[in-house]
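Here is what Swiss-Prot says about this protein:
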COMPBIAS  14-25  compositional bias 'Basic and acidic residues'
COMPBIAS  423-434  compositional bias 'Polar residues'
COMPBIAS  456-469  compositional bias 'Polar residues'
COMPBIAS  496-513  compositional bias 'Polar residues'
COMPBIAS  537-552  compositional bias 'Acidic residues'
MOD_RES   Ser423  phosphoserine
MOD_RES   Ser431  phosphoserine
MOD_RES   Ser449  phosphoserine
MOD_RES   Ser498  phosphoserine
REGION    1-25  region 'Disordered'
REGION    423-553  region 'Disordered'
REPEAT    55-103  repeat 'Kelch 1'
REPEAT    105-151  repeat 'Kelch 2'
REPEAT    161-222  repeat 'Kelch 3'
REPEAT    227-271  repeat 'Kelch 4'
REPEAT    280-324  repeat 'Kelch 5'
Amino acid sequence: MDEDVGLEATNYSRGDESRSEEQEKNVVRWRIVQQSTGPNPKPRHGHRAVVLKELIVIFGGGNEGMIDELHAYNTQKREWTAPQCCGDVPTPAAAFGAISLGNKIYRFGGMTEYGKYTNDLYELQSTRWEWRRLNPRVHSNGHLPCPRIGHSFVVSQKSQKAYVFGGLSNDLNDPKRNVPHYLDDLYVINLSGPQHLIWEKLNATGPGPISRESHTAVIYEKDSISRMVVYGGMNGVRLGDLWYLNLNTLHWTEIKFDDPRTGIPPMPRSLHSSVLIGDKMFVYGGWVPLLEHASTEQQTEKEWKCTSSLGCWNITEDRWVPLHLYCSDEDTIPRGRAGHCAAAVGDRMYIWSGRDGYRKAWSNQVCCRDMWLLDTILPEQPGKVQLGRAGFNSLEISWPIVQGASGYFLQIGFGDAKEQSVSPIKRATTSPRKQPSIVPPSQKETEQSPKKPQGTAPSIISTQGTTYTAPADPKPATDEGGLPQDLFEDTEKNETASPKRSNDAQSADSSTCEQKKTDESGLEEDSEKDQKPSDAGETDEMKEENGDDDLPWFDVGIIDKATINVTHYFNDRQQSLEKQLNDLIDHNAFKCVNDSVFTTEDKIPLINGQSYRFRVSAINGLGKGAWSETASCKTCVPGYPSAPSSIRITKSHEGAQLTWEPPSNTNISGKIIEYSVYLAVKNQSANSADSQLAFMRVYCGPQADCQVLQSNLGTAFVDQTNKPAIIFRIAARNEKGYGPATQVRWLQDQQKIPVRTNYPNNSGFIYQQHGGQQKRARFDHQ
């Protein structure tokens, strides 16, 4: 590892210090990214990376010639893809500038061949992977930015203005005769109006930075502060200066490092990378000068080297923060490199490829093939666990994905002290195969919902639940606990709305129940004749735990996905996962009660009609984050129908046609009397900002199909999680009452309907492309 005064290499142990102490020490940890699937991109240098939500898009650069491929790395799935681009595909280039704004990527400048530079501006629409060459104009008497390489190209997410600073141009504009010229000019272009793009040269005030190339820049915006931070670069010598450009006043300010309060700066460098995480700019790698120079005045390649050192500039405190490596062993950190790419996803920095700087193969530089990530802080607290589907001996749950999490630690407990007193925990330890007797419905359950009609399905169901499509079981169920086995196959579909709203679930439920009372009247009248079920119709309802903090917790597992079908939990024969956590993290390993290596001697099954509590914490290389809020849900009671399956939705002129298969356990639970279909709508509460989604019933009848009119679809809430989708829930009822519901997301990317977007460059609606009206809808199935 390179010596760098800005980085302290120390091996830490999680057990030696608390979370707050680690944060005070600014401990960071490198981890190599392994076990990625998909087509890996070719190693290279001079390429760029931009971030689109959880995707890192890498393109350009080269080694043995320019590379014209584009790859996207999904940080959640750990998967590479190579989208096929269309449109005005640009000529392959290196050392260009690249930014992302909303769902678009922009490329400016770069080198298309040795000595030949460009000033072309391209736009890539990532929803279609379609390139478009843009033709910006200039103000009167103005000029376009000259062709250049090694410049910085950054964008303000607030103003949607992109800034170009510095770079290197060829004065002769002749590829065969290259006369390099370092630049210090500053240009801006407003990308909010793609039909009226204008380049404008800015004349900032104050002494500005000297001309340079191969530097980095980031834009920091918070409240009224908006500034561009320029660091390092090359102008015949490596530079280590740092500058602020106030984007509101266009005034340059140099940050002097002669004040001890600014900390100890890293070594001057060029061809490094910088990313912004929170209020910190992390600087990695690049070419740095050697501490001892050769005696000759002629510069040789031995006078500088590639570094693997890190620097961290705190923008709010205006100081270099000393970082501490969690582990400094040679194989636990990336080797030095330059011309690589870096991207920040959440609180993590990713780096990929770049020039090795130490070895040469024939006339070509050796490029690194590896990807590394840097954990900079413990992961955030996850949102509450949400129920997707309840079975008789299983609970399918999920929670919002935490960016920067390598895995999740899930624990389960009994619902309250009364249920704990009748639980078989102690007996199951000595006789794990012995099934406890089923506890009959208690009077407590009746007291909890005295006004709920008998057998009535709840009119409002939390939309934070898991989303899936459940195909029909090809074989008749032999017991009432059978569930489809192909659920939860894709963690991308588990992302849910903001967990901060989940605290209002109960209040939203009660308020919306009053609004939808008329819609439920038919069900209420029929339900009066039914026997009161033991909360079988309430298995989708999630409740926040306010007490029972002293009840024990049991391990379900350390898993890599934000979803799981819980059927068992570990008994106390197994060592606590908390004690195994360090070793599992160090080896990037997972351990779950569902693993085939564990037998009935190691685990305890869930029982029907039982209320369980859940909590989850996110894990990364630095350890375990805070536990989520506790949530509880209940397994089904025997005798009620299971959830409908094989849901199919097709578009029609009148609206949407839904069909489904009856519950798989009808041979046991008996004849299905009716089905209810619910549509997710926005809850119209007084405080709309904090309101929960509500489910409005749009069908109640005996047939396993229904038509949802366009007038109802017009009131639907379009969920923007991952992909625009409309959410339905379908439940079946027998003589005892309603069983659990199946939730399905009807993807809208084939429909031409208005979809609300969160992209900053589109304040209204975007319209999805219209596909065949009778095509089968694609589902986010788990």
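Including glycine, each Cβ sits where the backbone N, Cα and C put it.
It should be emphasised that the depicted structure is a prediction, and the values quoted were computed from it without experimental measurement.
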Beyond the flanks of the repeat 'Kelch 4' (227-271) by at least 6 residues, Cβ under 8 Å: 4-7, 150, 152, 154, 156, 159, 161, 163, 165-166, 182, 186, 202-221, 281, 283, 285-289, 304, 307, 309-311, 313, 315, 318-322, 338-339
For the repeat 'Kelch 2' (105-151), residues assigned helix / strand / coil by DSSP: 0 helix, 22 strand, 25 coil
PLDDT averaged over every residue in the repeat 'Kelch 2' (105-151): 95
